[in-house]
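Per TrEMBL, the features are:
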type	residues	note
TRANSMEM	6-30	transmembrane segment
TRANSMEM	42-64	transmembrane segment
TRANSMEM	84-101	transmembrane segment
TRANSMEM	108-130	transmembrane segment
TRANSMEM	142-161	transmembrane segment
TRANSMEM	230-254	transmembrane segment
TRANSMEM	274-296	transmembrane segment
TRANSMEM	317-336	transmembrane segment
TRANSMEM	342-363	transmembrane segment
TRANSMEM	375-394	transmembrane segment
Amino acid sequence: MYLLESKAGAIVCMLLALFFLGTWPALLTLVERRGRLPQHTYLDYSLTNFLAALIIAFTVGAIGNSTPTEPNFLAQLAQENWPSVLFAMGGGVVLSLGNLASQYAFAFVGLSVTEVITASITVVIGTSLNYFLDDKINRAEILFPGVGCFLIAVCLGSAVHSSNTADNKAKLSNLSSDYKAGSLDSLKETKGVKPMDLEAGGDDKIKAGTAVFLLDLEKRRAIKVFGKNTFIGLAITFFAGICFSLFSPAFNLATNDQWHTLKEGVPHLTVYTAFFYFSVSCFVIAIILNVIFLYHPVLNLPKSSLMAYFRDWDGRGWALLAGLLCGFGNGLQFMGGQAAGYAAADAVQALPLVSTFWGIVLFGEYRKSSRRTYMLLGSMLFMFIVAVAVLMASSGHRKTQ
């Protein structure tokens, strides 16, 4: 079993996790915008997400000798460590619910704002819990100012969303009523026709940020958002953020047993064993819920079936890649947290920096917006850069058990 002990190694893990965890939401958004049902996408995503956990467990988690005090992954499977296993599985349940909810929130609220709100809730609640669970190994005078930066960033993120929504309404209102009506009527006439790929480029590409772009996007996407109450998306987003804020503390309890639930002499779960159980429950919940959603969809999505899912290969490669990125990203985050403290590892919650980049490059978010929106967006990103730097600077070093 490979044990990460250096602070430098932990920071490298955090940075890689930051990139992976900021990229997979963009891939799910890309597939949804091309018209693939989110139930199909999430089933694919869940398969490779679990595969990543298996790869980590049977490679770095199983290599080397196993000792009574430092057992490897295979040795721990036979030990009486169910209290810690249940904490790990509980963390997997809330993460699965959060990821599932955020997939729908991306369509309603937008990739960038969804990530800002959920990440900030995760930091404010989750990082505070991890600080006390980690026996305060992180420097509070640095850690909590970083949490404050996230609070400022979420306020700026809300302002960005409000300003950008007003910009979009202004763009649509500038269209003639006849053209707008014709465009909206055409939404019903293109069923079964493969729409133009807005992300692929070409001479006939619609310019991102225009009113025509917004109307054509609504025609193409799987989750229709026009006419929906704005509070639906915000409610889903806040639910996802609360779920995300709980999974890291649960994993912390699973690997460090701060509440002394294990019997005397039973070693703590290694990060690899805990991540395996964590991923098992995450996978099971995702499969159950998405199979249900195939036949009983939410948010007025069309019904589907397992047979239709197996036949749907459009966008499957992107969904499978998203699952791998998320799985390895979570694994790297936990490896870094075990070495330097889970509160500091929550610096990966600055992933909106990456997601916002993909949102602007791939999806044209904030294109042709007002100067006020651009200023708010720049301020939000600046606060996230400050926040991630401060949280990483608060890293401590965990004492061995």
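Each Cβ is built from the backbone N, Cα and C atoms, and glycine gets one as well.
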Would the transmembrane segment (274-296) count as touching the transmembrane segment (84-101), i.e. at least 3 C-beta pairs under 8 angstroms with sequence separation of 6+?
yes
Is the transmembrane segment (142-161) close to the transmembrane segment (6-30), in the sense of at least 3 CB pairs under 8 angstroms with a sequence gap of 6 or more?
no
Return yes if the transmembrane segment (108-130) and the transmembrane segment (230-254) have at least 3 CB pairs under 8 Å (sequence gap of 6 or more), otherwise no.
yes
Cβ contacts the transmembrane segment (375-394)/the transmembrane segment (142-161), at least three under 8 Å, sequence gap 6 or more
yes
Same-chain residue ranges lying at least 6 outside the transmembrane segment (274-296) that approach it to Cβ under 8 Å:
39, 42-43, 45-47, 49-50, 52-54, 56-57, 61, 73, 84-85, 88-93, 95-97, 99-100, 247, 251, 254-255, 303-306, 308-309, 327, 330-331, 334
Are there residues at least six beyond either end of the transmembrane segment (230-254) with Cβ under 8 Å to its Cβ atoms? List them, or say none.
84-85, 87-88, 90-92, 94-95, 97-99, 101-102, 104-105, 107-109, 113-114, 117-122, 124-126, 129-130, 133-134, 165, 269, 274-275, 277-278, 299, 333-334, 337, 342, 345-346, 349
